[in-house]
Amino acid sequence: MGTSTAKEAHALIASLRSAYSATPTKLKIIDLYVVYAILTAVVQVVYMAIVGSFPFNAFLSGVLSCTGTAVLAVCLRMQVNKENREFKDLPPERAFADFVLCNLVLHLVIMNFLG
């Protein structure tokens, strides 16, 4: 029972890897940025758990900035992906401009929250 499950898991990972290898480089860069933003948020949470959260608004601002940026990057990835039929009429330049504008608004709110 356990070996068939392990084989299925290995086959699943192999199929995911082969499908992801066909992904365009632009999307892989966005994926890398999303992973970086999430890992930065995780590092901040671990640091808060170990050291403490004395300036809690600073901790909250950092985590919300990281997760908000990751969410906006996922939205950018959805809009730039050529296989996504929902945004096929949207030019990539417009999607990137939306991403930059939303990031600007997000970080203005974060800076306002910091005080």
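Including glycine, each Cβ sits where the backbone N, Cα and C put it.
Swiss-Prot has this to say about the protein:
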type	residues	note
TOPO_DOM	1-31	topological domain 'Cytoplasmic'
TRANSMEM	32-52	transmembrane segment
TRANSMEM	56-76	transmembrane segment
TOPO_DOM	77-94	topological domain 'Cytoplasmic'
TRANSMEM	95-115	transmembrane segment
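Sorting each residue of the topological domain 'Cytoplasmic' (77-94) by its DSSP state yields 10 helix, 0 strand, 8 coil.
Residues 73, 76-77, 80-82 of the same chain lie 6 or more positions beyond the ends of the topological domain 'Cytoplasmic' (1-31) yet place their CB under 8 Å from a CB of it.
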